[in-house]
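Structure first, commentary second.
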Amino acid sequence: MQDQERFIWPHKDLLDVTQLSREQIRHLLDLAGQFHEINQRPVKKVPTLKGKTVVLFFAEPSTRTKTSFDMAGKRLSADTFSLAKSGSSLVKGESLKDTALTLQAMSPDVIVIRHTSSGAAQFLAERLECAVVNAGDGWHAHPTQALLDAFSLNRAWNGQFEGKTLLILGDIAHSRVARSNVHLLTRMGARVRLCAPRTLLPAGADTWPVEIFDNLNKAVQGVDAVMALRLQLERQQAGLLPDLREYASRYCLNLNHMQHAAPGARVLHPGPMNRGVEISSALADAGQSLVLDQVASGVATRMAILFLHATRKDTGDR
């Protein structure tokens, strides 16, 4: 790819956005931009990773992320294979070690893993010679989602993160997406606000480089983008939030809220959406919504991620 020969990707694995420098994030976003252009062509497949093997190991249910990675690999001409969770034994560390040995025997070039346990991706990365890409581990991290969100915002903000403000709204306590976006966007120079009921804020959030609100009307003032998060309905059963009607009356993002945001402010949602709970249907379908753009961005961004990790120079760094 253009300029790739002059930039050596130093990381064997992508486990968390915290491992990436600002320059590396910018390079990845620029590369994703090239793949995004390719994806607009009538023929979208390129021979870039022909002969490479990508294994999709999803030990947690996923439709969007798994499909996005599968499409990304196929558009790069890689051979992609899916390995599904089989039984409860994969949850335990010893069985995950056995799984790592099984995967190693397949001689893949990249393994994409999603797992219910925080740290599962790192566990594999420390035991495998091939590249490991974290597609979400427990509540810990979801680096590829944060990178695709940054790619969507990069396009919407004309490449300028400095001086921009993103509001993240909803169930932040249980969101690996929120954690990864906070780390990535603040590293790129953006400001981040959080808005949620106190019961849905993570412990230690007051030490993050963010502003925290529990009032949406105040939180949305002057922001350049709002990311509404999926409300995990099982949290209501755990007593962490009131009934859905009361939650929606206070935290469902709508067109009226966006009138108080900065001119041209955009709306994001990592999906799947609970319309009328986290975001109104009218706003989700409005012109300022980037929800469908995030889906397209996901394929291009994951093409860049697979390309970098399947072709990187062997520096020994993680």
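Cβ coordinates are placed from backbone N, Cα and C, and glycine is handled just like the others.
If you check Swiss-Prot, you get these features:
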BINDING   R64, T65, R114, H142, Q145, G271, P272  carbamoyl phosphate binding site
BINDING   K92, R176, R230  L-aspartate binding site
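Structure with Swiss-Prot features highlighted.
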residue: R64; record: carbamoyl phosphate binding site; Cβ neighbours (10 Å): 14
residue: T65; record: carbamoyl phosphate binding site; Cβ neighbours (10 Å): 23
residue: R114; record: carbamoyl phosphate binding site; Cβ neighbours (10 Å): 25
residue: H142; record: carbamoyl phosphate binding site; Cβ neighbours (10 Å): 27
residue: Q145; record: carbamoyl phosphate binding site; Cβ neighbours (10 Å): 27
residue: R176; record: L-aspartate binding site; Cβ neighbours (10 Å): 21
residue: R230; record: L-aspartate binding site; Cβ neighbours (10 Å): 19
residue: G271; record: carbamoyl phosphate binding site; Cβ neighbours (10 Å): 16
residue: P272; record: carbamoyl phosphate binding site; Cβ neighbours (10 Å): 9
Of the binding-site residues T65, Q145, P272, which one sits closest to R176 (L-aspartate binding site) when you measure Cα to Cα?
Q145
In terms of Cα spacing, which of the binding-site residues R64, T65, G271, P272 are within 10 angstroms of R230 (L-aspartate binding site)?
G271, P272
Extent of the carbamoyl phosphate binding site in Å [max Cα distance among R64, T65, R114, H142, Q145, G271, P272]:
17
Does DSSP give R64 (carbamoyl phosphate binding site) helix, strand or coil?
helix
On the three-state reduction of DSSP, what should I expect for R114 (carbamoyl phosphate binding site)?
strand
When DSSP states are folded down to helix, strand and coil, where does R176 (L-aspartate binding site) land?
helix
According to DSSP, does Q145 (carbamoyl phosphate binding site) sit in a helix, a strand, or coil?
helix
By the DSSP assignment reduced to helix, strand and coil, which category contains R230 (L-aspartate binding site)?
coil
Determine which residues of the same chain, besides R64, T65, R114, H142, Q145, G271, P272, have their CB within 8 A of the center of the CB atoms at the recorded carbamoyl phosphate site, and list them by sequence.
S62, S68, A135, G136, V177, P270
